[in-house]
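Below is one structure, written out as structure tokens; the observations come after it.
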Amino acid sequence: MTVQREVMAVDQDSKPRLSVFSKMEKMIVAMAKADNENGIVMRAKRNLFSDQIQSFSGCDIVDWLKRQYNITDVKEACYLATNLCQYGYIYPIDFKLSSYTVKYDRSAEYRFQAPYFWPFRKDGTADSIKYAIYLQKRSLRNKQKHGLEPYEQEAFDKLLKVFADKKEFIEKQAREQVRMTKAGLYFYGHQVTSVSEAKKQRRTEKILLDLQERAFWRVHRPRPGCIQTMEEGPKRYFQPSQMAARRRKNKDTYRAEIKFLKKALEKPKPKLSKVLESYLTWNEQYQEYDPFLDQNAALPSNPWISDDTLFWEANDTLVKIPTELRVKKWAISFFNLMKDEQGSHEFEVFLSTEYSQENIRFWKEVEDMKHGPRSMIEESVNRITSEFLSNNAPREINIDSKTLETVNRNKEEMKGKPESLRYIFDPAQEHIYLLMKKDSYPRFLRSDQYINLKEMAHNQPIKKRFFGFGSGKTQIKRQTPSPKLKRRSTSSEREANSDISGDSPIHSITPMHSYSTGNLKDMDMKQTPSSSRFLKGSDSSLLKRKKFNLLKVIAE
């Protein structure tokens with residue numbers, strides 16, 4: 001079944017209605033026909049509330065769908081019937097059912113829902129106030145027949161807290177509906193009859209009204225764990241009438257469009273060959289830093305392949321020793337250095353040695369103000385002005401008089417406009433950025449600080465982890481391409497590869513657990529039950545030779 005959006009009316013405030021609901025409604029109208037040839041036959045059940053309540057079973061609706069739409073698969077017909085039930089076009093009489101799944105049997109009885117309660121009706125909206133009135137009405141009636149379930153009672157308590165100012169209105173509406181229901185005057189279609197005719201109404205209609213109303217709210221406010229089929233997503237900020245008004249064009253709209261197109265024509269456009277060439281150059285330059293394109297960029301371990309998180313720990317925002325690729329990337333451009341928080345921190349440390357730390361401090365303060373909350377803009381402007389731009393400022397930055405005049409003029413023009421105040425320091429910030437890029441950045445790349453960072457990053461210790469938990473001995477591992485490590489050998493392979501001649505005693509025995517050089521002396525040379533399991537079947541002379549070779553290594 002295709003799902004298409006119908007044409008949205010301009011005067012509707014709700015979202016466009018899916019055409020699938022129109023198809024469902026036509027299907028329900030065809031099912032509910034009175035003639036026995038085309039519609040579903042309704043049967044009265046004596047074991048229900050009354051002899052006059054007519055219903056149909058799951059077999060009836062599935063057989064009708066198979067006959068009407070030439071459906072051969074029973075599962076497909078059951079699925080279509082389940083959708084009709086989940087969207088509230090039919091409802092089960094027994095509300096003790098845990099789900100609305102329609103089965104091909106006669107275990108459950110169903111009825112057609114009144115058109116007033118069909119989904120996406122203008123007069124049948126399911127807002128929270130109506131739900132609170134419905135729950136209040138049920139709480140005022142017989143507790144045994146109309147008592148609230150635990151999840152409904154919890155929802156009712158929350159709604160009373162939310163609508164605390166409308167609590168009296170909700171209670172009055174509920175009491176009035178209860179009174180009209182008892183008198184036989186209340187009906188959801190606003191069809192109110194006289195008192196004399198209302199007394200003649202049968203008890204069956206009251207029961208049906210209660211069933212229809214309960215089925216409606218069970219679809220729109222389902223119990224926890226059930227599927228919420230009527231979720232519409234976030235609401236609109238603009239009504240369709242406002243959206244249509246925005247689409248109307250006038251003289252000013254066409255003038256602005258013409259001005260924009262003229263600027264686009266005057267703007268110089270580079271050749272496609274030059275663009276592709278620069279793109280390929282950029283790709284070749286940054287390829288070694290992308291872990292998806294180069295596997296060496298994900299050292300010491302690739303977190304997209306393994307469960308090891310050491311890569312994220314080594315590339316955290318602020319670390320003691322950054323990785324080698326991270327430090328090398330700072331030398332590509334000044335933008336990469338300032339974009340990385342670790343890089344900007346190292347650059348700030350370098351500027352402090354040159355007594356020009358106020359430049360990067362000013363740049364960071366302006367960036368924080370641009371992306372900060374609106375309520376703090378004026379306070380930030382005054383603090384930046386008094387700290388960096390005013391006369392005798394504690395951290396006065398080195399900018400020319402023309403730039404300072406531009407900043408002061410912008411400050412006076414944008415006074416009282418917090419959103420425009422965010423960008424009044426752009427001329428001074430751009431001046432300081434170019435100053436650091438052309439003057440301080442080249443000296444930073446030649447400084448001892450950056451050279452030492454590269455050396456430490458090249459020889460930084462990396463903790464090797466085994467079995468995905470814990471950490472082993474700290475090993476020196478360079479972040480450069482290295483040969484693939486051999487896997488652990490089995491006990492039989494270790495016996496076959498053991499050097500019996502004694503020329504290479506360090507490889508003559510391979511214990512099952514890793515031991516560092518510091519705790520080799522603490523090894524118990526006696527044969528333990530665990531070690532005897534791996535040395536089972538070996539010669540006693542071979543065992544003595546292995547112990548002798550190991551003691552020889554320790555002595556050396």
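The backbone N, Cα and C atoms fix where each Cβ goes, and this holds for glycine too.
Per DSSP, the domain 'DEP' (36-114) is made up of 25 helix, 13 strand, 41 coil. According to TrEMBL, the domain 'DEP' annotation covers 36-114.
The domain 'RGS' annotation in TrEMBL covers 333-454.
Marked as region 'Disordered' by TrEMBL: 469-538.
The feature compositional bias 'Polar residues' is assigned by TrEMBL to 472-482 (among others).
Positions annotated as compositional bias 'Polar residues' by TrEMBL: 527-538 (among others).
Confidence over the domain 'RGS' (333-454), given as mean pLDDT on the 0 to 100 scale, stands at 91.
DSSP states for the domain 'RGS' (333-454), grouped as helix (H, G, I), strand (E, B) and coil, give 94 helix, 0 strand, 28 coil.
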